[in-house]
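Asker: So TrEMBL says this about it:
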type	residues	note
REPEAT	305-338	repeat 'TPR'
REPEAT	347-380	repeat 'TPR'
REPEAT	429-462	repeat 'TPR'
REPEAT	471-504	repeat 'TPR'
Amino acid sequence: MLNQALRTQNIDTIYKMGFFIHDLCQNIKVLHQQQIVDRQQQRRSFTFYRGQKLSNIHLEEIMKTKNALLSFNNFLSTTEDRDVAYIFAESNKDSCDFVAVLFEINVDPSVSSAPFAYLNDTSYFSDQEREVLFSTHTVFRIHEIQKINENDDRFWQINLKLTTDDDHLLSALTERMRTEIKAINPQDQLGQLFIKLDKFNEAEEIYHLLINRTGSELEKANYNYWIARIKYHKGDYDRALSIHEQVLEIRKRLLSADDSNIGDSYEMIGLANSELQYFSEALSAHTQAHRIREKNLPDAYPLLASSKLNIALAHRDMENYSEALRYLQEALTIYSDTLPPCHPYLATAYENIGLVYQHTKKFKEALEVHKKAREIYEKSLPSDNMDLGICYDNIASTYECLEMYSDARVFYGKPLSIKQKFPNHPSLAAAYNNIGYLDAKLSDHSKVIESYEKAIAIYEKNYATDNLNSAAIYNNAGKAYANIGKYQIAHNYLEKAIQIGKKFLFENSDRLQRWQNDLKSVNNRLSDHLSV
């Protein structure tokens, strides 16, 4: 039951069994310390085995990441007996959605202190299985992946090695993550970790539990701050902004004017305003956050770089590209000097520099830095992380600008499965819009309408507030319907795009004028069609 809760991140069960999880981790450590000295005198390294099934998708992801890190979301039961593990694995070989996998795990205790314990005297199956238990979330490095039998693609062996204590990249990244998670208690820490892993529903469940268990107004505000961040990540920007503004008022009343938590609230208010396309309000909020952080932090500090990056994004949205690039390069310098080389913040800086290059038509330079961002994200984030999906989008849009449409179509398709985890998120609508646009370029008209209609359905179902993104989708859909001769539907969509565009764009805007020309062209064709 416990391992199932850990694998599926069942928050209620994990929360209730917290003390048991802690005790089990401690018992594994104690047993490890008692057993390891005697066993090391007999041999230097150990090999353990685990047989299990893996989904086809999961195996494909592991095969793409040889030499990368792998962790199991549970207490990992293994055996010294290869035959026992082989039998467990082989029993899953005939499942159509899964493959059989035999893990071979090499451990050198002289270079790794990760705890594991022999359960010969405690396991119910001690005589038959010679069980060895690793503590939860032990980290391994993937070394080799190969078929057990050359002609059988349903049965694989994956060789793992327990990470060493001096794995500098893992240690630096882990330590940085610890410093970034400023938690009130272990449950708060778990909630923040879930947010970093894009487990937003699980994180929100934790914070609602915490709110119900505290009487402190300030603690409730802190937990609501994280709920607002979750709303932001799930694309509910109006709700996120509303909660953040409420939290800010409480913090301003209960904390000193330059408290770092007030700076954090201004930052999130700025980000939500940017998504809602209130760009001047976003710049104002980010400037406030930066002012507070400058008072509290040393010059070369990652959080200062983050506020510089946010100011840069506001300038970019307002088409002040030279200012945006200046702030981004300052942020990148601080990140490079203070963070491990595979930290996701470095990738964020690179991809935003790439977006500025795109806006200034420096497409080859944009592609180069987007590829740097991709390399870092793929090393440091899970394969289904939303930031990685956005990175693929940026590479795709750059290929599109270079008129390399087939490459663009591939990269627009890559993040679709990531974004489908959040079916109401505007980024999913954007993905369908991008795929529709590329299919139109590639003359695959059978798929174009379907993609645009999916994008429109997401906006119309979930977002009462109009914005330029939805206007662009209406315009693209209108042109697609015109291409197949459905001029009345095309007219309706193009007209809607212009109505929304007039709320955000100047009358002489190039984009608005293009949309008006699109409508004029369709009206002429509609008139000809009706007269015939």
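Every residue, even glycine, has its Cβ placed from backbone N, Cα and C.
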Asker: Is the repeat 'TPR' (347-380) packed against any residues at least 6 beyond its ends, judged by a Cβ distance under 8 Å, and which are they?
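Answerer: Counting only partners 6 or more residues beyond its ends, the repeat 'TPR' (347-380) has Cβ contacts under 8 Å with 65, 68, 173, 305, 309, 312-313, 316, 319, 321, 324-325, 328-329, 331-332, 335, 341, 387-388, 390-392, 394-395, 397-399, 401-402.
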Asker: Counting each residue once, how many in the repeat 'TPR' (429-462) are helix, strand and coil under DSSP?
Answerer: 31 helix, 0 strand, 3 coil
Asker: Give the residue counts of the repeat 'TPR' (305-338) per reduced DSSP state, in the order helix, strand, coil.
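Answerer: Going through the repeat 'TPR' (305-338) residue by residue, I get 31 helix, 0 strand, 3 coil.
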Asker: Treating G and I as helix alongside H, and B as strand alongside E, what does DSSP give for the repeat 'TPR' (471-504) in helix, strand and coil?
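Answerer: In the repeat 'TPR' (471-504), the DSSP-based counts are 31 helix, 0 strand, 3 coil.
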Asker: Run through the repeat 'TPR' (347-380) and tell me, per DSSP, how many residues are helix, strand and coil.
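Answerer: DSSP classes over the repeat 'TPR' (347-380) add up to 31 helix, 0 strand, 3 coil.
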